[in-house]
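A.B. asks: Here it is, the structure in full.
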Amino acid sequence: MAAKSSQTMTIPTDAELIQAQADLWRHSLSYLTPMALSCAIQLGIPTAIHRLGGAASLPDLVTTLSLPPSKAPFLSRLLRLLSTTGVLASNEVGIYSLVPLSYLLVDGVRIDGDASQTALVLAVTSRHYMEAAMGLADWFKKDTAQPVPSPFEEVHGAALFEESMAVLDPECDKLFNEALAAHDHMGIGTILRECHGLFSGLQSLTDCCGGDGTTARSIVKAYPHIKCNVLDLPKVVDKASSDGSVNYVAGDMFHSIPPAQAVMLKLVLHFWGDEDCINILAQCKKAIPSREAGGKVIIIDIVVDSSLGQMFETQLLMDMAMMVYTRGRQRDENDWSSIFAKAGFSDYKIVKKLGVRGVIEVYP
């Protein structure tokens, strides 16, 4: 028989109940925010505003988007939510304009070399992602053998970025890989400007899971003296178009990494559990020289930090995304320190925190 609690629940005041009800509605309906964002992308709203000179009225958008006039009042309500949630800006006379967030969603426009992030939004609001999240409670109740599959794998019988996903739904697999590439390439320009000593002393670099080489080419453009390898799976490297500025290597980071003065893991390790990360880092350690010879591993990834305010919530949401869709996780500094030590590294330094991400140097 369960023990009776000695505590009694404090009855909320009327004001607290009213606020609680409003908060409950907001949390329960907040899924409509990303769906509204996805709708805006599919309609082409950010791109239309950009092509109209950066500002547009409701009639302008109805005409440009070729929407039925009868939908104008409904479009107004969508735009109001997008403006309230910071996706667009609006003024008192009903003119809508782009903000930094919506600039990332304009087709054909690269901000500081970064590709449009539309694929990322469309991926995480897709049916496959939503159904995986809806299966979370059933996943928790199920006792499964190690390694524990993600809810995404449990629901769909397929894993993201693997052949099983391509078999399940080729179009969605293509979208998910486009989203991954956009996510991975984001922010390298800022890192090059803010972390001046990160690459300047290097003679060679291997970019693990470097995809089509976009990040590596940006590094070589800024530091032409660096000889850069891009390591990725054969199916990725075979599709990459080479301009000769970087050397593509088809392989598997779990088995071997091309030797270089430094190895970079940009937004890679959060897709993997701790044991896999330790194995990856051990391969990195084999590929680099001693610290005295300039050997280091460069990690660009989320460093969970409760002092970051609203960005901390973003980090926790990203951690939930890793739990639902992959077998990985986001890590705080203690978590990072632990896996570095277990992989045989002697020291590390957080070079800089840029938004939700951190730039870390790890030394053999």
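Cβ from N, Cα, C; glycine included.
Straight out of TrEMBL:
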{"type": "DOMAIN", "residues": "25-106", "note": "domain 'O-methyltransferase dimerisation'"}
{"type": "DOMAIN", "residues": "136-346", "note": "domain 'O-methyltransferase C-terminal'"}
{"type": "ACT_SITE", "residues": "His270", "note": "active site, proton acceptor"}
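So where do these features actually land, and what's packed around them?
C.D. replies: On the 0 to 100 pLDDT scale, the domain 'O-methyltransferase dimerisation' (25-106) averages 96 in the predicted structure.
Its Cβ placed at the centre, His270 (active site, proton acceptor) has 18 other Cβ atoms within 10 Å.
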A.B. asks: For the domain 'O-methyltransferase dimerisation' (25-106), what are the DSSP-based totals of helix, strand and coil residues?
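C.D. replies: Looking at the domain 'O-methyltransferase dimerisation' (25-106) with DSSP, the answer is 51 helix, 10 strand, 21 coil.
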